[in-house]
Amino acid sequence: YGSLLSNPFSITKLWARILLFLSSSVGLDAAGKTTILYKLKLGEIVTTIPTIGFNVESVEYKNICFTVWDVGGQDKIRPLWRHYFQNTQGLIFVVDSNDRERVQEAAEELQKMLQEDELRDALLLIFANKQDLPNAISVSDMKDKLGLTSLSSRNWYVQATCAIQGNGLFDGLDWLSKELLKN
């Protein structure tokens, strides 16, 4: 990273491996992580189906090339998540803010992931998605419900998002970009 910071005119790109995880189960009301991935990559909403396995895409933003692994969230493949953890600099965890019944499940999955040794230094960005819906959990309540306030040794941030409209997505990437450059 030194050459990028020492020479502001450098065209060197910083590469970062980012994992994008869904916190709710499959269905029409899924959390929206694949929608987010393609909104970031293409700038538009594409029709998606539930992710079985993974999608991998490169997303360039502010001279950083994020290799984003969009990993399916179905119960059957969650045990396989750990195979994606190696060399990960950042974790984007997408929570369906409107699905109040599954927030506790999301918190449990997130806490399990954060216990993984290979993710100990990974930045944590939470996309509290579907903030456009009237029943959405606020960002401050989401921090509490996910147990984030107790994570004193982890660098984390919660961003309110609406994937369909694109709201908040690039604000979240701004935070991630700044933090990656600090490291």
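Each residue, glycine too, has its Cβ placed from N, Cα and C.
The GTP binding site feature in TrEMBL is assigned to GLY27, LEU28, ASP29, ALA30, ALA31, GLY32, LYS33, THR34, GLY73, ASN129, LYS130, GLN131, ASP132. Counting every protein chain shown, 15 other Cβ atoms lie within 10 Å of the Cβ of ASP132 (GTP binding site).
If you look up TrEMBL, you'll see THR34, THR51 marked as Mg(2+) binding site. Secondary structure from DSSP puts THR34 (Mg(2+) binding site) in a helix.
Annotated signal peptide per TrEMBL: 1-30, in sequence order.
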- Does DSSP give LYS130 (GTP binding site) helix, strand or coil? coil
- Cβ neighbours of THR34 (Mg(2+) binding site) where a neighbour is any other Cβ within 10 Å: 24
- Item | Whole-number Å value for how far LYS130 (GTP binding site) lies from THR34 (Mg(2+) binding site) (Cα to Cα) | 13
